[in-house]
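So the structure is just underneath, and the comments pick up after that.
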Amino acid sequence: MGWGAPLLSRMLHGPGQAGETSPVPERQSGSENPASEDRRPLEKQCSHHLYTMGQNCQRGQAVDVEPKIRPPLTEEKIDKYLYAMRLSDEILIDILTRFKKEMKNGLSRDYNPTASVKMLPTFVRSIPDGSEKGDFIALDLGGSSFRILRVQVNHEKSQNVSMESEVYDTPENIVHGSGSQLFDHVAECLGDFMEKRKIKDKKLPVGFTFSFPCRQSKIDEAVLITWTKRFKASGVEGADVVKLLNKAIKKRGDYDANIVAVVNDTVGTMMTCGYDDQQCEVGLIIGTGTNACYMEELRHIDLVEGDEGRMCINTEWGAFGDDGSLEDIRTEFDRELDRGSLNPGKQLFEKMVSGMYMGELVRLILVKMAKESLLFEGRITPELLTRGKFTTSDVAAIETDKEGVQNAKEILTRLGVEPSHDDCVSVQHVCTIVSFRSANLVAATLGAILNRLRDNKGTPRLRTTVGVDGSLYKMHPQYSRRFHKTLRRLVPDSDVRFLLSESGSGKGAAMVTAVAYRLAEQHRQIEETLSHFRLSKQALMEVKKKLRSEMEMGLRKETNSRATVKMLPSYVRSIPDGTEHGDFLALDLGGTNFRVLLVKIRSGKKRTVEMHNKIYSIPLEIMQGTGDELFDHIVSCISDFLDYMGIKGPRMPLGFTFSFPCKQTSLDCGILITWTKGFKATDCVGHDVATLLRDAVKRREEFDLDVVAVVNDTVGTMMTCAYEEPSCEIGLIVGTGSNACYMEEMKNVEMVEGNQGQMCINMEWGAFGDNGCLDDIRTDFDKVVDEYSLNSGKQRFEKMISGMYLGEIVRNILIDFTKKGFLFRGQISEPLKTRGIFETKFLSQIESDRLALLQVRAILQQLGLNSTCDDSILVKTVCGVVSKRAAQLCGAGMAAVVEKIRENRGLDHLNVTVGVDGTLYKLHPHFSRIMHQTVKELSPKCTVSFLLSEDGSGKGAALITAVGVRLRGDPTNA
């Protein structure tokens, strides 16, 4: 079936007015045989005047052209030779969709082995940020020549890159010989280059651009998958090219080289352009070969461990179609070219679009047309029949605006075919169809990458830069314009800037090396800083041992006065036994908020605890005012609660959870040793808090209270859990502050008379280390946080593990890293200077496994910190290191406690339960798991269960009050 009379007439006489529509048939997608396809009207077809600037040989595109006389070729032949390569936007969008699917398959662990588009991870994780500096060598091997460059990068005053380079030949006998010959040649050229510049003794870092498909597991290793283009050196496929090059250099023995990074030329192009434009996240080569790379989210790359950040993916899109997915658009000429190539059946997409094959495709078409007497009056010369005689540079010359037809005549004459003017115009038409198809296909595949980037970012419109290189894109007079135009139509929701790589991919290899060097140096400094937070098992065992020693000091009468871990007797001698009964008030004071509770405890067959509570806040001026103001405020809130519950009247028993270090001389007397957690109220330290509360009640003269028990929140937590689980003999709080308590044998509690039974000891372990025994593991950041705290020099262990201080440690590390230029572009913002900005909840959110980096960035943005993807990763790392140390230290402390209980009882193995409360333990995604693991590792002879206190320490205070009432035999609530 031919093109039809309307088109033939138009070709003979030229089009009518610009903008007219001619009913021209259209090739449909998915059909195997162009000659047997259905035809549909087409809006505007290109005329024969194809060298006119601004022509657009493409379906669905209006074209304004001048009339020109066309040789009367038959409609059948024109259809067969030219029209089969014409692709509509509909087909191009279909190809875009196919390539998007191929990309997904290549990234998937399950589908990658059979995927034709390999989507190779490059281990390039960052584009240049402008702070790179140094002196580098770059090798660029992969095209028609081999380049060596010396690249000096200086960023002190302005981003400045100076380069000197030399080009070396890669003769056919070398690229088709053995691998050792090839790399000996590279090593020889490198030696020559260094000799001329007198830098043989320098051992400069080397970046190696190796423009072939390689599998990498790190940045300085590249295992060749397959040769492409004209290379076929034996013994290299399946081998690490870095090792081969190092071996060749070593064999020479006259210089040494440090190969830091191997990159694909496409990655090199992206990095070269990325130095000038940090929006550049795609690299594109359209030259001898073709390929593209782009920055992919690590969470989508199954073949690489980790899910944080991005990594450059080398698509190796030249192999698109090797699985048969492009058979419907490949022509007989594509198949013939493939059969005669060095690698039949491979790189099929590349063979349809790249400069290495374009001239050959045109030659095959011309041969067939000549054989059919459609060109050159049927003359076929030996030159025309010789592969490689018609090059892509010939195609470019023939398609130039003004001299195209004349160039065609000269080129065809060189081939001995004696062309007529009409032959030259026809050949120009063939060249245009072939090169236009190439531009369209590359636009479709690049469109798929842009769509993927847009989807990854979750933005309706993408703004990005594509770094581009390659002789076809640069030298062909019409290629880039056609390519851009098609791309705009295929992906209208992307704003793309094309940045031409002026200095090739060699500079890119140097930039990758510079970035790798910068990142390695940054990584070294970051690791050095964070290593002080990473505690070995041996260090944790030492912490456990030291705490055990401090516990013994606190329990003994003779050493208690100088002990930092005070081991305070709580006078709680029994856990609940289930017979407790009555209505009790509880007061829970331990932070900026406090609770008043009514707790109704019922015993019998069905034990129940019913609670009513109200939360009140304590303003900062009262926290740091006088003691009378603080306790008057508390009593005012109790009065409000009694009115609220309608129970003001009878004298009710009250348990007072007071979460600060107190020395108790009885259950209902607690003398405040020191304020913690930001409290500073005067005239309280050294006084009995129960008496201070009773005095405030008297001053109010509204109601009376029976203060039965003063309880630490940790003891309250233990009692709450012990009511549910009788094996609970330890209490732990890890929230704003941190503390632990446990049931100690009375014989070991020298501060209280009597040797029978047990008593709960409030350890007050927050002060562990106040005597300097933990200085070997305290970091400079711990010291800064301590120095600026309200109670400098005190509660040092607590300041390393509790929620009130972890955020401050993180903030100080971030300030240090920002000063060093590792974070936030080196800019210390006002929010970062603000103490207390990093609350525990932010640490918990940032470390959540479920959060993608975009969400981490959003959290940082809420805090006024504008972060890049890399910033977010580092912030998350810092949070993780600080919270892990906290969990491990907490675990080491708990291991000391459970071991003491086991030894007290002379058991080979102890089963015990810990009642736990506190926001850090409850809300942090990893804290509890790490702490449990640490306890298990450090106390293997103990099986420790952890029970979360659901009702807080207020319920515990009521239970202790109930136990106290029961033990004193009070008839009102017996």
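Glycine too: its Cβ is placed from the backbone N, Cα and C atoms.
As the structure is a computational prediction, the values presented were derived from the model and not from experiment.
Look at Swiss-Prot and you will find 1-42 tagged as region 'Disordered'.
The region 'Mitochondrial-binding peptide (MBP)' annotation in Swiss-Prot covers 57-66.
Summarising the annotation, Swiss-Prot assigns domain 'Hexokinase 1' to 72-514.
DSSP gives Arg86 (ATP 1 binding site) a coil state; it is part of no helix or strand. The ATP 1 binding site annotation in Swiss-Prot covers Arg86, Asp140, Leu141, Gly142, Gly143, Ser144, Ser145, Arg481, Arg482.
The region 'Hexokinase small subdomain 1' annotation in Swiss-Prot covers 129-263 and rests on sequence analysis.
Under the heading region 'Hexokinase large subdomain 1', Swiss-Prot lists 264-503.
The region 'Hexokinase small subdomain 2' annotation in Swiss-Prot covers 577-711.
If you draw a 10 Å sphere around the CB of Thr736 (ATP 2 binding site), it holds 21 other CB atoms from the protein chains shown. The ATP 2 binding site annotation in Swiss-Prot covers 588-593, Thr736, 803-804, 840-844, 919-923, and the record cites similarity to another entry as its basis.
Per Swiss-Prot, the feature region 'Hexokinase large subdomain 2' maps to 712-951; the stated evidence is sequence analysis. Residues belonging to the region 'Hexokinase large subdomain 2' (712-951) score a mean pLDDT of 91 in the model.
Counting every protein chain shown, the Cβ of Arg86 (ATP 1 binding site) has 20 other Cβ atoms within 10 Å. DSSP assigns Leu923 (ATP 2 binding site) to a helix. For the binding-site residues given as Leu141, Leu920, Leu923, the lowest number of other CB atoms within 10 Å of the residue's CB is seen at Leu923. Across the region 'Hexokinase small subdomain 2' (577-711), DSSP assigns 35 helix, 54 strand, 46 coil. Between Leu843 (ATP 2 binding site) and Arg86 (ATP 1 binding site), the C-alpha separation comes to 57 Å.
The shortest Cα-Cα distance from Leu923 (ATP 2 binding site) to any of the binding-site residues (Arg86, Leu141, Ser145, Arg482) is found for Leu141. Taking Arg86, Leu141, Ser145, Arg482 as the binding-site residues under consideration, the smallest Cα distance to Thr736 (ATP 2 binding site) is found for Leu141. Within the region 'Hexokinase small subdomain 1' (129-263), the DSSP-based counts of helix, strand and coil residues read 34 helix, 47 strand, 54 coil.
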